[in-house]
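First up is the structure itself, then whatever we jot down about it.
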């Protein structure tokens, strides 16, 4: 017996990366998972090196970032890798979620896989938000103030939670220090969740574009899919390098190069681009508590999909109505992202409210209605 099968630890690697049977029909959308793993490794590695030189004292935070950029050997490179790595992490994550929505990867028997994936998404957003606050530029300070203030909308306990998080009466030194501690801890929790995600995936294996269970026609992970993954890894590294070396601040905000000043409010307060769709949903609801519920509900509503999608057939590859509504939903999500960075004024307010209504209607009304209608058509077709 080869050592990769007989050794206790290597046998785990073997069962996941070498002999793992994969459907022969999976396409390049299934490669995004490996890119997410690469992004997580890049973020943890670059983050550890940045933490060696970063100071979480509010008086020194901004200057310590500038010290990394100017005085530390290759500090500018590590900082830009970490900053752009966060953006690319979310690009890959949104692609991964989009693939799952299109191909029905959330349906039974992969519900646990989907639930863990949504938890990973939530933890990643929390980690990214706290990391953005650590730079302590203008947008960091005011972003931290606005987002943490949202918790004051929670009935009865909200007014007490906000000072508890701040460690005072405003965003101050204790806030940045606890954000730094949590920002350092959460990626390792993310890594543990990713291991759980892989374990859940290993139980039933990957789905496929056809939406059928193809246990007969499978290929080993190595060499076929390992080399296929390497193709997208090299393409990813090429595009990532173009941003890091030639356009490192494109995905950032210029106001964050101004030191945080609680006495000067920026013309518009916007979070990083990957949080904008949910920020637009928050702003589209006039009531503060309603907006907070809508924003968190917009993320957690992903958990309802395994139950609201009643279709017999997994995925949208052969379903015209579902495919059309999915691409309409995709356009709507991109529209929300654009509205999140615009000023709160007419006509963007009304447009944001319509887009928010469609976002929730897709999960709660459109998916159940269309899946039920397609089931009837499927039943009529098979009877004939």
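Every residue, even glycine, has its Cβ placed from backbone N, Cα and C.
Here is what Swiss-Prot records for this protein:
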TRANSMEM  32-52  transmembrane segment
TRANSMEM  76-98  transmembrane segment
BINDING   82, 183  heme b b562 binding site
BINDING   96, 197  heme b b566 binding site
TRANSMEM  113-133  transmembrane segment
TRANSMEM  179-199  transmembrane segment
BINDING   202  ubiquinone binding site
TRANSMEM  225-245  transmembrane segment
TRANSMEM  289-309  transmembrane segment
TRANSMEM  321-341  transmembrane segment
TRANSMEM  348-368  transmembrane segment
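Taking the features listed in Swiss-Prot, we show where each one sits on the structure.
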| residue | record | Cβ contacts under 8 Å, 6 or more apart |
| --- | --- | --- |
| 82 | heme b b562 binding site | 43, 46, 47, 50 |
| 96 | heme b b566 binding site | 32, 33, 36, 117 |
| 183 | heme b b562 binding site | 127, 130, 131, 134 |
| 197 | heme b b566 binding site | 113, 116, 117, 120 |
| 202 | ubiquinone binding site | 15, 16, 20 |
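With Cβ pairs under 8 Å as the measure, the transmembrane segment (289-309) is packed most heavily against 113-133, out of 32-52, 76-98, 113-133, 179-199.
Most Cβ pairs under 8 Å to the transmembrane segment (113-133), among the stretches 32-52, 76-98, 179-199, 225-245, belong to 179-199. Here the transmembrane segment (32-52) has long-range neighbours at 68, 78-79, 81-82, 85-86, 88-89, 92-93, 95-96, 99, 184, 187-188, 190-191, 194, 229, 232-233, 236, meaning same-chain residues at least 6 beyond its ends whose C-beta is under 8 angstroms from one of its own.
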